[in-house]
Ligand SMILES: Nc1ncnc2c1ncn2[C@@H]1O[C@H](COP(=O)(O)OP(=O)(O)OP(=O)(O)O)[C@@H](O)[C@H]1O
């Protein structure tokens, strides 16, 4: 899968209409700070997922002096395709896949697959569990847009459950029971998908991590769930989760919120049996993330039969020579990649197509 042509109009600091003809291998966006390099990655991310990397609001995406934005791309994935997104002057969403209008941005999921690697990804280890869950949910949603619907439905029921726990309307115990059954149903489907993906990711990440560390480090990734011994419970998962919600009711009524559920699950990383968050150096944490990202790429290949597009935002120069070379070797001739950097590292990037970015324009 690769994007041949990207067009931006009034997106972030790209005020004038900008057209980029892209290479299907590595494309490098070079420029000083605050020139618009990341904004180009944001545009690709938006075309893939219907949201920017940091989930900005519409007004933050439209150029300050303008009242609409429009981005399009043509991409190849066994055939030529086109995606158009934006907001028009009447404040209406524009979403078209191969010229067919769509209602929701979530319809974009599964068309262009992207893997993003940015300095913020260190937070996948150091940050809160919600970041790790979002990572996993985004990954699975790209592979299976139905998963995105499941998550939306789960969150809606959870919101309503918390609402009645707070407000306690008449007969709310009957409603609570209905919600618990619904949550148990969605949880079963979501958890089966989450552990399936984690089981595949962990094998791929372990292999990569071994290669990256000359066989000195063994990386383990674990899904930590509110359901103990999750994998053994799969045959009866829905019934088991319903029971857990029932058991939690007393505490939930007391605290007026839902205290258990997959919205509190987490992913744990261990290197040679030690918790990466607590015991590993910054360099080891970065290597863990690199292994995870490369595993993600291979996972897309194994699930979709095509490599995703890789967005490397400001991370390339953060990696040491060995890891950069490893990364370039892993993507070479197979993964379309976009790299943002302030300096063109001649030795490693000299061979690729370079776009010089200055003040929202391609020089
Ligand atoms: N809606 C907007 N309209 C106009 N300009 C914007 C808008 N949103 C952000 N910008 C500007 O876009 C500029 C470029 O941002 P971007 O993050 O792409 O820079 P960058 O080249 O990746 O820089 P760095 O190397 O510092 O990461 C910023 O100066 C920012 O103020």
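Every residue gets a Cβ built from N, Cα and C, even glycine.
Marked as domain 'RecF/RecN/SMC N-terminal' by TrEMBL: 2-346.
Marked as ATP binding site by TrEMBL: 31, 32, 33, 34, 35, 36, 37, 38. Residue 33 (ATP binding site) falls outside any helix or strand according to DSSP and counts as coil. Around the Cβ of residue 33 (ATP binding site), 7 further Cβ atoms fall within 10 Å across all displayed protein chains.
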Among 32, 36, 38, please name the binding-site residues whose Cβ is nearer than 6 Å to ligand 1. 36, 38
Neighbourhood of residue 31 (ATP binding site), C-beta criterion under 8 angstroms, separation at least six: 37, 342, 356, 357, 358
Other than 31, 32, 33, 34, 35, 36, 37, 38, which residues of the same chain sit close to ATP? List them in sequence order, counting a residue when its Cβ is within 8 Å of the Cβ centroid of the site. 340, 342, 357
On the domain 'RecF/RecN/SMC N-terminal' (2-346), the mean of the pLDDT values is 94
If you count the other CB atoms within 10 A of the CB of residue 32 (ATP binding site), including all protein chains displayed, you should get 11
Counting across all protein chains shown, how many other Cβ atoms sit within 10 Å of the Cβ of residue 36 (ATP binding site)? 24
What number of additional C-beta atoms lies within 10 angstroms of the C-beta atom of residue 38 (ATP binding site)? 21
